[in-house]
Amino acid sequence: MAGAAARVLIVEDTPTQAEVARALLRDLGHEIRVAETGTAAVEQTLAWQPDAILMDIELPDFSGFEAMRRLRAAGIETAIIVVTAHGSVNHAVEAMREGAVDFIVKPYAKTRLTVTLQNALEKRALATELREVKAQLTRDRFMGFIGGSPAMQAVYRTIESVAASRANVFITGESGTGKELAAEAVHRASPRRAGPFIALNCGAIPRDLLESEIFGHVKGAFSGATDNRLGAAKLADGGTLFLDEIGELPLDMQVKLLRFVQTGSYQPVGASKPEKGDVRFVSATNRDPWAEVEAGRFREDLYYRLYVVPVEMPPLRARGADVALVARHFLAAFAKEEGKRFRAFAREAEAALASYPWPGNVRQLQNVIRNIVVLHDGERVEVAMLPPMLLRTASGRAPLPAAPPPPPMPVAPPMPVAVVTRLEPQAWPEPEEEAPPPPMAPMPRLPEPAPEPALPWVPPPRIEDFQPLAEVEKRYILAALDQVGQDVPRAASVLRINPSTIYRKLQAWRAEDGAG
Amino acid sequence: MMDTAIAFPAMQVVDRLVAECHRFEVSAIDPDIAGQLAAELPLEDFVRIVRTFEDDLGRLAGQLEAAVANGDQDGYRRAAHSLAGAAAAVGARRLEHVARLGMDHRAQVDPRTISLHVQHEARAALAELAALADNPPGSA
């Protein structure tokens, strides 16, 4: 700032004085304005936000000291240099007490004025820089994230750095670490923030519908295509396309996506000519993307196109004190939502939360806290209210005493029905202090680090009791879906199959029912 | 309002004060201030300052005269204060001195006398500043 052009407000009711100051500063290239009264000085400062003010004390309406008091009260931190004809110690002391950075007596030589002003601007620039750096190093909230750990600070810095560019971003990290939130943050911090943010979960879409979901289709493109349908590529035009679980994309779709990434053009299913789209790509996976390339499941050329700026989301166990911070946030949010009195955690409960490895990361912590809030009440969360799995230490020692009855396993919130999420520009309020974070994709595996107990021995059924495998499979999948609130990815996780398998089977069963 | 019944010192006393001032300050302007402005600033900037000063003098001398005529003591002191500030900015030291006499209620100088001297010193200062603009230091 001190070297660059600055905004300087001269507060001076005598035009000759103002003109002299303006002429003496002209060489420095600063933008200069003049206010002739205290009122005008306050108004112009609030509206124009100058970097420095040369403040005369004797003003027609009220003194320069009063103007300084009003500016400080309004939170203005401009560098103020008091300029007066009275070179008394009292004036100097009062000026400094009111927050002036320096004091200069009229008439002044050019060198005296310019050096005083440059020093003040430099001091202010350093103070501003220091405050920004401190704020960046200590911030514990960022674009919906909660956490002040060094690992999260690194994530915030990367997101901020990359947001302004058009570079594609590749987010990696375990399930539940907030990959979609990171993608949204990239979008919200970017110049495309006014455009759409379209999230597409590649792992949750049946293989044969993927092309249509991404690129859209025209009426009659295939049986059932009764209308033109816009794909995510079109919906994200001018904004950001988030491809979650990109590793699930079949190789033939990877070729089509590569063309879109390279050329910006794509062809809706059944269309006769290609369309153009201006999209920034943010991709995510919980796998090692390079290992996928080496295993031949992910195209190397697509990898290089998408893996331009990597963002690695740290697991919760690597985020130290963030566990308590996030837990308190969820506790406040869920207590409010459920009308409970919870305000804090007992020290032992917080220690148990801190020592648990959180294999399901933030999402698991969120579920645990909701579970506690739903099942219990009180001012504090006691250690006895925690689920038993948290009461085992990482070293595998015996669990701490738990309160009866043991709470059930935390239940993941149901996944949004649509796999394509459109975030309208106006739907971007800053996250409120106590608001729960935006919904995340469901947890793909249940958190239970303890070894599973051996299954009890069950005698084999008699031969006449056997049923067709397809029927057993159907009943079993439908039962799993019932148990998890029709949450397909979660049911798939429980059954240890791919979500697309369930989608495919549901489609087939619906077709059978329709035919029947 | 100004109390016109105040017994001001005789005209000769004021003249003596101003004359004393003249005895030590032979020039109407301070070469350290006005000369430095003329030397350090581009000519167009210096000329702009002199023109602004001329405008200020016309306006403030008028305000001073009107305040004297109306017996407006506050207006008189405000005008004298502004005149002193404008004069100090360009190094018009004799004019500044006269204006400060007007600001100082302890001096009890007749405002009409101050007004007359202001006009006289303003003309002298402007003439010297104009000469300085025509022939700034270092231009010979």
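Think of each number as a place in line: the chain as shown, counted from 1.
Cβ atoms here come from the backbone N, Cα and C positions, even for glycine.
These features come from TrEMBL:
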DOMAIN    B:42-140  domain 'HPt'
MOD_RES   B:His81  phosphohistidine
For the domain 'HPt' (B:42-140), what are the DSSP-based totals of helix, strand and coil residues?
81 helix, 0 strand, 18 coil
Long-range neighbours only, meaning 6 or more apart in sequence with Cβ under 8 Å: which ones does B:His81 (phosphohistidine) have?
B:Ala99, B:Met103
Express the predicted model's confidence over the domain 'HPt' (B:42-140) as a mean pLDDT, rounded to an integer.
89
